[in-house]
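Undergrad: My structure is below; once you've seen it, I'll send some questions.
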Amino acid sequence: MSPGCPGSARGGANMAWRCWARAAGPRPHRLALLLLQPRRGFRRARPRSEEPPAAAAEARPVPPSPRRSLCPPSPTAAAGRPSPRRLVKPLLFTVGFTGSAFGSAAIWQYESLKSRVQTYFEEARADWMDKMRPQKRGDLRKQVNSWWNSLTEGQRTVTGIIAANVFVFCLWRLPGMRRIMFTYFTSNPSSRALCSPMLLSTFSHFSLFHMAANMYVLWSFSSSIVSLLGCEQFIAVYLSAGVISTFVSYVAKMATGRFEPSLGASGAIMTVLAAVCTKVPEAKLAIILLPMFTFTAGSALKAIIAFDTAGLALGWRLFDHAAHLGGALFGMWYVTYGHELIWKNREPLVKAWHEMRTKNTGKGGGGRSN
C-alpha cells in the first residue's frame, strides 16, 4: 500500500481509487476522471414531443369497424347523435323535389305529344329515303337501330337509368373519388350532405351483385310499369320514390340511433314492384334461379313487406329495410290514390304552360315580321 493512504475500508471505494491515482501519476488521474464522468453523451435523450406509449395508443384513431359488403366502409365516424331537427331540411327537399318531378313530367308529356305531331311527316320521309338508299351490309349503326327498335317502350325508358347506375358504379372503383362518392352518393342523416344524397344514392351501388340484382328487377318490370303509367309519369314516380324512400330511411335511423350509410336503387325499385303487384295482383312471377316455382304478384308483395317489416323490427342490418318499406308503401299508395290526386290534376299546370308557350311564340313571330 502506498504511503499516505488509509489502510482500512473506512475510506470506501472513492478513497482507494484516489490513492491509486496519486501513486500512478498524472496521466492515470486524467483517465480516472474520464472514466468517472457521467456518460450523458452516450444516452439517447427522449424527445419532448414524443408521447408515452400508452398516451400514443389512446390518441391513435381507431379504424372503422367492417361494414356490410353492400356498402363501402365509412372513412370517418359520426360525431355524436344528430338532432332530429336535421330532418326538417330533408322533408322540405322531399316535398319540393316530388312536386317538381311531377310538374316537369307533365310539361315533358305535353312537349312530347306536340313534337310527335310535328315530326310525323319527317319520320315518314326519312323512312322513304332509307328504302331508296342502298343498304350496307354489316352497318353497325343499322344493327344498333334494329336492336333499339326491338325493345319495348319500357325497356328503352329504363336503359338510361341502367346506364347511369353503371357509370356511378365505375366511379366507385376510382380511389381518388372514394371520399366524394361517400359524401354525396351514400345517404346518412348524420352526414355533412343531407339533400343531394337522397337522389344521388338512388343511382349508386358499391357491390356488383347489388347493382346487377336491382337492374335485373327494373328491366323485368319496365314494360309493365311504363305501359301502366307512361314514360313521363314513370320517370317522375321513380325519382320521387328514391327520395321518399331515403327520407323514410332517415326517420328510421333517427329513431333507432343506427347511423349507417345507405345506397342503392332498392327503394325506387320496390315502388315499381309494389305498383305492378298492386295493380295486377294475379300476375304470375318466378325467381330467376328457380323458374319452376311460380307465385302470384300479390303473394310476392305480401312476403316482401313481411320480410322488411321483420328486418326493421328485429334490427337486421344487411339491407335498409326502412327504405324498402317506404318505397313499397309509396308504390301501393300511388297506384291506388296518388295517380288520381296528382297526375289527373295536372291540367291547370299544362294549360298555364301552353298559354305561356303560345304567348312567347306570338311575340317571337311578331318580332320576325317587323
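Cβ coordinates come from backbone N, Cα and C, glycine included.
Got these off TrEMBL a minute ago, pasting:
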type	residues	note
DOMAIN	198-338	domain 'Peptidase S54 rhomboid'
REGION	43-83	region 'Disordered'
TRANSMEM	91-110	transmembrane segment
TRANSMEM	157-174	transmembrane segment
TRANSMEM	194-219	transmembrane segment
TRANSMEM	225-251	transmembrane segment
TRANSMEM	287-307	transmembrane segment
Undergrad: Same chain only, please: residues at least 6 beyond the ends of the transmembrane segment (194-219) with a C-beta under 8 Å from a C-beta of the stretch. Say none if there are none.
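TA: Long-range Cβ neighbours of the transmembrane segment (194-219): 69-72, 86, 89-90, 93-94, 97, 155, 158, 161-162, 164-166, 168-169, 172, 181, 183-188, 239, 242-243, 246-247, 262-269, 272-273, 288.
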Undergrad: By Cβ distance under 8 Å, which residues at least 6 away from the ends of the transmembrane segment (157-174) in the same chain are close to it?
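TA: That would be 72, 151, 181, 185, 200, 203-206, 208, 211, 214-215, 218-219, 222, 226, 231, 234-235, 238, 265.
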Undergrad: Looking at the domain 'Peptidase S54 rhomboid' (198-338) alone, can you tell me the average pLDDT?
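TA: Reported value for the domain 'Peptidase S54 rhomboid' (198-338) is a mean pLDDT of 92.
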